[in-house]
Amino acid sequence: MKARLDGAELGYGAATVLRDVSLTLQEGERVVLLGPSGAGKTTLLAAIHAQLIARDERVALVPQDHGLVPQMSLRRNVYMGRLDDHGAVRNLARLIYLPRGLRDQIAAVLAPLGLSDHATSPVEALSGGQRQRTALARALFRGGGMLIADEPVSAVDAMQAAEIMALLSARFTTAMIALHDVALARSFATRIIGLRDGRIRFDAAADRVTDAQIARLYG
Amino acid sequence: MRVTTLFVALALILLPVADLSTAGHDPWPLLGRMLAGFARPDFAAVETLAHALSLTVAFAVAAVALGAAAGFAMAPFYDRWPVRALCIALRSIHEIFWALLLIQAIGIGAPAGVLALALPYAGIFAKIYAEQIEEADPRPRHALPPGTDAISRYLYACLPLIRAPMAGYTLYRLECGMRASVVIGFIGLPTLGFQLDSFFRKGDYGAASAILICYVVLIATIRLWMRPKLAPLWLALSVVLLARIDAPPMGEGAVWRLLSEDMIPAPLRAGEGLAGLIPWLREMTLTEILPGLWNTLIATQIALVLTGAIAFLGFGLTVAAVTGRVGRLAGHLGLVVLRSLPEYMLAYLFLQILGPSLLPAILALGLHNGAIIAHLLGREAAAVTPVLRADAPRGWSLWGWELVPRLFGRFLALCLYRWEIILRETAVMGILGIATLGFFIDSALAELRIDRSVVMLVVIALLSAGIDAISRHLRRRMKLRPVTGADCAAV
């Protein structure tokens, strides 16, 4: 078991967004959260992330807003995924000079994402889709077994999205991802959780969730 | 509106009480000679001129670099009270008073001049940088791996975000530093103020005019010559220039004597204890502090209203839709000149013409601060005009009907923000011989009664803290958008 919520009320500050949430995340599961915006997907991801962090799990995170530093180069933004592996002195040195070995490792992450040409561009000079792929590159560079991602392919085209999702399922054994593309969700997930109006509407293995169930989430 | 009326009424009541006499001076012949001199700037004394200008820049650059480095180091810890208290203490003493104190402590030389600016600036930089850190977008920080240490967190996810505003503010401070650097010349350091003073004493108004023109040009073009890439070069040149200043040698242990003896109140030094201290304080309060305080406050209140009047009428000048293209250029030019000349220097000029009274101080403060606020408002007005409807009025109707109503809140906020600054500058002008608190500080220092000057510096610090508190309270009650130090920087 990786994480568990038992009748939890989740929200920001005093406002409750999700009520009566019970779920358990097992090792090896790829969970996709579906539901209209405002349903509470981000809140649920944040709660699971906090729990994993509290247990010292190594989690790769792709927040919805990416959390990139616009003024810094793409390459260094990717390096930031491993800041906690090193002390301040080494990180400071790498801010000034990134050694060859690391540059190659980062380049290996950038290539399948189609970012190789932009390694040294500042993030603020990139397009929306490129920024999103930079955030994904950071998560891939961080590595580990666990991925939490909030709409990680919302700004890339359908072809690329499918490739990226395949890449993610190859690299991370366990994942919880919020998506809005139902077809993509079906091809990626082992389990799908449907959310609407602050409640879990269904939670089942991906092949047992019907199209009608999903349609009711958005209807 | 009520607050404005109150302030204006208070100033009008104080007007008859204030000493605004021209002291039997007949200013006209002198003014005529000055204007004649100013109309014919004399660049003959090129060498002196270049020397004074380069030293003015050198003091400013070295001091701002030192202050910025110290402030940068303190900023991340600004939320801890010892750092905050140190910074408040450093800031609460004006550059000129620091200069006077430091000259007593370490002698008149480059270190005294640099530290006089760098010490208060370190406190200001720490505060502003800390504000900028606090306002930085938190999302990149939140997206970091949770085990990241604080220093890496700061270096990667915070510093890159605020580098541009930090550099912008530092450049603005350099402009302030250039003004302060001029002013420390009036108390003997080898900058432009010193040169200007000696030209005035000789009645060489042509040379004085030349020096003023060069200085205004230097400030107006600061963005052209002060580039991040050139900064190390300017800093190195400044250090070399400053290292070559001859300074008279100081006796051994002068600093220690100042701290351990001279600053201790005389009765305590003589071992009289509290029994001696109270009469000592009472005597000083009655003869120096109260009269100084009274004059400082009167001049501050009248100058504040004059500042407001000039800013209110003046900000329209810089908006093309109000005054037309030529008018806008002229408006900008006028405001740039008034903004670049430090209020102390303006007061010095007016004092030559009008003789010693509160009048030169009030005029100088009103013009300088009014020009600053007018400039800031003008910039906001220029940002508003393109979004107005196509059939909006033009000229002064635009000013009255569209701009004033939109910007009045901002105008009040800026005036109240500068209230405390005006108070501090008023106190400083005492050094020119005007009977504000600075006059008594200067004379106490001249008589080597450091203890008395320290008491009066504390009075000024308390007074400005009080004004600052009232100003904040008023701004909050009127729900005005807060003004930050950085707002004034983005020139």
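Each Cβ is built from the backbone N, Cα and C atoms, and glycine gets one as well.
Predicted automatically and left uncurated, TrEMBL annotations should be read as such.
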TrEMBL annotation (transmembrane segment) - matching range among B:25-46, B:179-200, B:245-266, B:377-398: B:179-200
Residues flagged as transmembrane segment in TrEMBL, choosing from B:293-317, B:343-367: B:293-317
Among ranges B:154-172, B:401-419, whichever one TrEMBL labels transmembrane segment: B:154-172
Same-chain residue ranges lying at least 6 outside the transmembrane segment (B:49-75) that approach it to Cβ under 8 Å: 43, 83, 86-87, 110, 113-130, 133, 170, 173-174, 177-178, 180-182, 184-185, 189-192, 194-195, 207, 210-211, 214-215, 218, 231, 234-235, 237-239, 241-242, 245
